[in-house]
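Quick paste from Swiss-Prot:
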| type | residues | note |
| --- | --- | --- |
| ACT_SITE | C50 | active site, nucleophile |
| BINDING | T49, C50, N51, R52, S109, E114, T115, Q116, Q120 | substrate binding site |
| BINDING | G189, A190, G191, D192, M193, S194 | NADP(+) binding site |
| SITE | H99 | site 'Important for activity' |
Amino acid sequence: MHLIAVSINHRTADVALREKVAFKDDAIRSANVDLYETKSILENVILSTCNRTEVYAVADQIHTGRYYIQRFLARSFGLDVEDIKNMTEVKVGDEAVKHLLQVTSGLDSVVLGETQILGQIRNAFFLAQEEDTTGTIFNHLFKQAITFAKKAHNETDIADNAVSVSYAAVELSKKVFGKVNNKQALIIGAGDMSELSLLNLIGSGVTDITIVNRTLSKAQDLAMKHHVKFEPMESLPRLLVDVDIVISSTSSENYIVTNEMLQSISTERKHDSLVMIDIAVPRDIEPNIDTIHDMFSYDVDDLKGLVDANLRERQLAAEQIIQNIPNEIEAHNEWVNMLGVVPVIRALREKAMSIQEDTMDSIDRKLPGLSERERKIISKHTKSIINQMLKDPIKQAKELSSDKKSNEKLELFQSIFDIEAENAYEAKKQKNNMKTGQILSFE
C-alpha cells in the first residue's frame, strides 16, 4: 500500500486556476465517496480551501493511484487530465507524510504559521471519517498530524507575530492600548486592505467600527457585509473626535487626514490617545502629526519593520518545527510496520487458543468426572503453558516489523506456524482485482 498526496496550491497554480478546482462545501462529502469508489483507492481525504485543493490517499499502487486521483480531479472540474497534471504536486510515501505535517502546522501556507489551516485539516478529516472513506492508516495519521501541529503551535511562537500589513496595523494598536475590544475604530477606504484590516479588528474583539469612503455605496456594501457602520467621507472630521484607532487605505493622491484637520479637533478630544495607521501608498495621513499631543501616526515603513522582524521570528520557529518532522515520520513508519505484525500475532494467538479449547474438549471426554474446580485449574494451566510458549515467537514477530525484509520474513513466520493473517483491506483489494492474502507493504 502507498501513501499519496496530490496538491494544487499557491505554488502550482495562480488564484484564477485555484478558483476552478475548489470543491464547494456541500460537495466535499459526495466527492470523498466518489473518489473512494474509484479503482486503486483504499482510503482518502479531500481538503479544499481558498489556497489549496488536495487529495490524500492510500492506494494499492503509486502510478495507478496517482492516475485515478488526477483523473478524478479532471472529471470533477471539467478539465483535461493534462491540465490537472500541470498544476499538481504529487508526493508519495514519507514525502506525503511530510507534506501533511507541513500543511497542518502552517509551514506550507501563504502566511507562514497561520493556524486556520489546522481547523480546515481537522474538518476535512472528520468529513471523510463520517463518509467512511478513511481507515486504519488515515485514522491514525491525521490524528498524529493534528496533534503534531497543536504541539508545534503551543511550543513555538510561530503564530504569535503579525506578518501581514493589515494584521500588523491591528497588532500595533494593541501595543499602544493593550486591549482594543473597548475601543472605537475608523477605517478610511473600502478596498481589499481595508476589508482585511476590518476583519482583523473584528477578530480582536472591536465592535464599534465605522467605514468612510469617497464612494459611499462601497462603504455601505462593506459595512453591511460585516455588520458595522458607515458614513460619507464628509463626516471624517466629526468622527475623528471620538475614535481611538484610525486605519487608512485609499488610492487618493492627496492627504485624507491633514495636520490642520487634527489641530482643529484636538481640544475636543480631551487629550485621549488617537492612533492613526496609514497603510496607503501614497500616504493618506499627513506626516509629523506626532507633534500634536496624544496623537500617534505610523506608516507602511513603520509596519514593514514590525512585519520583517515578526517574519524572522516565525522563520526561526518554523525551523524548530521542521527539525521535529523526521521524528514524526519515523514514528508513523514504526506504527505502520507494526500493522503487518498485529494480524499475524492475532492469528497465532487464535490458533493457540483453538488448540487449547480442543485440548479441553478432549479432556472433558476422557475425564467426564472432573469437578468444575478441577476443570478450571486444568484450563488455567493449559492457557499458561500456551502463553509461555507464545512469548518468544510474539517477541520475534514484533522485532521483524523493523526488519527491511519484514514482509518476506512475516510470510515465512506464518508458514512455519501454519497461520494466515487477515488483511484489513481484503474487501477493497478484491474490488480492485488484487491478489488476496498478502502482508501489507506501506511506503
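Any Cβ shown, glycine's included, is placed from N, Cα and C.
Just tell me what is around each of these and how deep it sits.
In the three-state DSSP reading, C50 (active site, nucleophile) counts as coil.
In three-state terms derived from DSSP, Q120 (substrate binding site) belongs to a helical segment.
The Cβ neighbour count for A190 (NADP(+) binding site), using a 10 Å radius over every protein chain in view, is 25.
If you take the C-beta of H99 (site 'Important for activity') and look for same-chain residues 6 or more apart in sequence within under 8 angstroms, you find A5, S7, E89, K91, D108.
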Taking only the recorded positions T49, C50, S109, T115, Q120, which one has a CA atom nearest to the CA atom of D192 (NADP(+) binding site)?
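Going through T49, C50, S109, T115, Q120 one by one, the closest to D192 (NADP(+) binding site) is C50.
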Nearest of the binding-site residues to S109 (substrate binding site) by CA-CA distance, picking from G189, A190, G191, M193?
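Closest recorded candidate to S109 (substrate binding site) by Cα: M193.
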Provide, as an integer number of angstrom, the distance between the C-alpha atoms of G189 (NADP(+) binding site) and C50 (active site, nucleophile).
24
Return the residues near T115 (substrate binding site) by Cβ distance under 8 Å, restricted to its own chain and a separation of at least 6 in sequence.
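Result: G106, H153, A159.
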Residues with Cβ closer than 8 Å to the Cβ of S194 (NADP(+) binding site), same chain and 6+ apart in sequence?
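Non-local contacts for S194 (NADP(+) binding site): I187, I188, I211, L222, I247, S249.
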Output the one of C50, M193 that, of all these recorded positions, has the highest number of other Cβ atoms within 10 Å of its Cβ.
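Result of the Cβ crowding comparison: M193.
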